[in-house]
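Student: Questions regarding the structure given below will be posed in turn.
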Amino acid sequence: MNKTKLIKIIFVIGVWILLSTFIINIYNENFEIVNYNNNSQSLKKIFQLNGDLKDEKLSIFLIPHSHCDSGWLQDYDWYYNHVVQYILSGIVNELNLDKEKKFNWVEIGGWVQNDEATATIDDVITQMTQGHQWLKDTLNYTIEYAWQIDPFGYSSSTPTIFSSMGIKGLIINRVSDDVKSYMKSAKEMEFIWKGSESLGEQSQMLVSTLNVHYDYPKHIDPKKDFSLEERVKGFTKYIKDLSNTRESSILMIPLGDDFRYSNAKNEFSVSKEWLKVIQDNKEKYNIKEIKYATIDEYFIALEDEFMNKLGKTVEENLKTGFSSTLSLYNKDFFPYSTGDLEYWTGYYTTRPLLKRLIRESSLLQKSSDILYTLAIGENSNNQIDINNLQTLSNQLNENRNTIALVQHHDIVTGTSRSFVLNDNFQRLQKSRISNYNIISNSLEYLLNKDNNNNENTDSTNEPFNFENVIDLSNEINNQYSLVFHNTLGWEVNQHVSFRIKVNKNDNQLLESIQLVEAISNKTIQIQIIPIQDDSNCQSIENNYIVFAIINLPPLGLNTYYLSISSNEDSKPNTILSKPKLLKKGNEINFNNNRFKVEFESNGLISKITDKNSNEIKTIEQTFHQYSTKKSGPYIFNVKGGKKHGFLENPDKFIYHDGPLVSQLTMLYGVDDGCNVTSIVVQRIYKNNEIDNSNSKSLITENYIETGYSINGDMNRETTINYKVKDLENDDIFYTDNGLESRKRIYNHDRTVNQNYYPVLGYIKLKETSENNNHQYTVYVDRSVGATSPSDGEMEIMIHRTMDTDDWKGVNWPSKDIGRSDAKLYFNMDLVNNQLQNEKRISLHITNQPIMFVKKHNNQTGYLLKYSPLSNQLPSNIHLQSLLTLKNNTVGLRLFNIHEVDSNTQSTTDTDKSTLFNELEISNFIETGLSFLKLTKNNLIDKYSTRINKKFPVKCGESEYSFINEKPSSIIFSNNGTNNIIDGENKGENNKTIETIQIKPHEIKSFTFNFNFQLDQIIPNNNNYAINKELNNEYIEQSIENQRYEYDFSFFPIKPTFYDDRGKYNRPNHLALILSLSIGTPAGILIIVIALVVIYKKRKNRKTLTSSYSLLNLILKDRADSSP
């Protein structure tokens, strides 16, 4: 090898070594914390290189914090036992040793930091209330400023809810990269956020946005290997850049990250060194102060500066570059993106079964809270009963904590490791069983009024049980009491369904089943449909659905008797719907008082006639799947994938018809046994007893119900689509945020996944043509993602699973191949009608009656029907919460959903109503939304604001504004000695009157106490007759394990969780780069050497060949010349 070649090789190796060293330094984030000595010469050099940061002196608030997820890569208990307890103990020790140090914990004061796209407003309010109440009870502290820095986008309901809880300022973080870049350049990182146009300033709050993320700035991170000189230089550059992105001179800098400060002493010690250098040189940087601080201190300083500058002239503010107004933002921050291919829209749907179970468990919790509270109130004169019931209060609060826990932004989203989600699923199951027990006991204390009736207190009187399937086998001589609970403040008349099982397929036996309303002794119409006609399906053999129309009083209970009649003279009003096998789905139509529904040959909807308006619309209902290898638990990415048709050709059509229900069931993937891969159930509810010309349709008649049961298909993201032919909606559609509808615009410059938005209750389209004013709404039973990809089309994602990760933190694929049973509800109506009805329909769907069952022969002494309200609430006032807090204080929330005609709302009050029928209450006080003292933000109306029309988010504002509408007035009156605010206001018969006014889209909260009649309380002594006793642990785990999600379900609920602890074999980017840095030059070198060798071999071979040829010629010549 010559000298030149050797030099070249050495050069290549040297470049590789330098490159490798550089890469290692970039990627190494786990160096031990190192202390450095102060070097005055180096510091002088830093100050010479950096100029002044800003003309106006800066106040810098350093926010030490640790973002501790309650479940993500590890479960709740692991995080606490291995990390969190050490963070807390270390921090407390550091704060005790040095009063200058500060630390920020619990962030928003809630039980968790909730997600904002998939958690319902009821659940958000619950988790916030649980945290705020705990802080007040335990530490006597009330949250005023919040730190909501990790949800993946922000809902417009947040400023509305938070401001109603007394929160005045909010720090946010995960705003789309392009939006945040604009906010920085326009100096709009601080702004006023308005949550609702109808509430105006009442829903506004001051918001500050983090520049990058909630972690340490790079150069001052104690885990990063920088010298003191580099730390100071990097920090000063950081604050210079930071100060140029906002109007104010008040800067907030986070010092922390996920689960930081497990060694609090070391973290503070590193920060102490560079902080001292900055503090000693404040004047050189125009720094007024720099210190450890809390969020409260930062916002108070920020507010003071804004108030001070708003009092100055424009000329004075121009000298400091300060605009005299703050930007007013009235939209939301969805979808969240971190790049063109990274739109975080997949988690809107990820883990659909878990999302459904969370919502279902939340409704059960609401029922438990209401019934327990009413049981306490109704037994206020019996000390023994009160004492017994109060033993359930700890269980009740723990169950609320579980509901609060699963609202975390990595649980309800489905973006945790699978074993973590399984842990939360088990917690939900435990809370459900506990709530079954609480409801059972509360029902006993509410309905069993004859305490002296031994027959109702002995062992033969079974408790109220949760029965997912009522087993009527061998029950000819017995009957069941079915008690339905209505959690709504309105009277309910609607269809309900429940499952039964008999011991044989006996039509005569089935037709002998009867349902009787207990209070009227009236036999009511029922319709029975078999769930499966195949006798090979033993798990659901002889399982049937029973349909009925029931009446429930507001917030009340009604009892129905279910039995098999053995009396030949008795004539049950029962219809057994026999199955009819169809060759095609278009052989039949559905009809009820509201709609006529026609189907395609594959059984999916093709045309709907609205009988109220005689409007006929072609509706194309289809299922589709996106195939992709780029998506993950967070991100939905269609790049490189295709959209395919799905569930296009059923194997079997089964039709059932009757007086209450028409149902078409389609089975897919049918084998010789009972297994099917997918099920679709089309259903319409009917009530042939009413005269449509004079009576309103039942609320269940106002939609066409589509049920489906599908498995997760690998690397598929499944949607259901409704396309209304000839509908022009100009790319505008609407989704609800739980409080109100928000306007969305489909951007055709972006891909479909970039146009997805979260849906909590419904998605809808409205016709924009002058000749038509119809609205088309699809209601959902859980949180989903949805969009409108073309005129007249609504696309809803219903399931997704993949064997790839999106590398946004979970570091494991979301392999959810489990079955999801769900329902969607399609409605078409006039826009004005839906203005009155859409929210009520959504609330009815999400607040279905809850049924409990008691098997016994004697109902003596039991109330058969019960309601605590003297009248139902006005049609636009929703009773959102009724629950018992500590010390028997009761919390009440009322929500004005504004579902009334806007033309009449401004001129008339809603119905006047007393609150409770017989229960006496006192200390009726209006509170904040988390039941703490009501506080008003006295600064919010003093800010001068402007709307920036250039802001890059172009949709997400309120659909309607009712800011000028008259509030609804509700008059609550109560007998006796009430101590209500404005207690002097007395009406007839010495009743205390309280008038409450609630604005459209406003939630108002109150606390009160039941009046315990101490002079009437029965003492706890042996002279008292047998008391009702608490029934404990009567629900077996197996019952919950064998629960069916819906009446049509073939398969019990079975989530597919798996053990994904540890590291996933993801692509190692560091190794990849190192291998490229080594492999590329080495590969080139090898190729060059190989080419040289080949060249030399060929050259030698050519030379040798030439020599042989020459030799042959010589030999030939010699041969020719020889004699």
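Even glycines carry a Cβ here, placed using N, Cα and C.
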Student: Among His213, His219, His409, which is the one Swiss-Prot gives for the Zn(2+) site where His67, Asp69, Asp150 also bind?
Tutor: His409
Student: I want the residues beyond His67, Asp69, Asp150, His409 whose C-beta is within 8 angstroms of the mean position of the Zn(2+) site's C-beta atoms, in chain order.
Tutor: Trp72, Gln113, Ile149, Pro151, Asp258, His408, Asp410
Student: Show me the subset of Asn140, Asn521, Asn675, Asn887 whose Cα is within 10 Å of His67 (Zn(2+) binding site); these are the glycosylation sites I mean.
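Tutor: Passing the 10 Å Cα cut: none.
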Student: Restricting to the topological domain 'Cytoplasmic' (1094-1123), what is the model's mean pLDDT?
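Tutor: Averaged over the topological domain 'Cytoplasmic' (1094-1123), per-residue pLDDT gives 63.
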Student: When you tally the Cβ atoms that lie within 10 Å of each candidate's Cβ, which of the binding-site residues (His67, His409) has the highest tally?
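Tutor: It comes out as His409.
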Student: Within 10 Å of His409 (Zn(2+) binding site) (Cα-Cα), which of the recorded positions Asn140, Asp150, Asn521, Asn675?
Tutor: Asp150
Student: Tell me the Cβ neighbour count for Asp69 (Zn(2+) binding site), meaning other Cβ atoms within 10 Å of its Cβ, over all protein chains shown.
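Tutor: If we count other Cβ atoms within 10 Å of Asp69 (Zn(2+) binding site), we arrive at 22.
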Student: Count the Cβ atoms, other than its own, that fall within 10 Å of the Cβ of Asp150 (active site, nucleophile), considering every protein chain shown.
Tutor: 20
Student: If I take the alpha carbons of Asp69 (Zn(2+) binding site) and Asp150 (active site, nucleophile), what is the distance between them in whole Å?
Tutor: 10
Student: For Asn887 (N-linked glycosylation site), what is the tally of other C-beta atoms lying within 10 angstroms of its C-beta?
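Tutor: The answer is 7.
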Student: Any idea what the Cα distance is from Asn521 (N-linked glycosylation site) over to Asp150 (active site, nucleophile), rounded to a whole Å?
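Tutor: Just about 56 Å between their Cα atoms.
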Student: Taking the Cβ of Asn675 (N-linked glycosylation site) as the centre, how many other Cβ atoms fall within a 10 Å radius?
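Tutor: Neighbour count, Cβ to Cβ under the 10 Å cut-off: 13.
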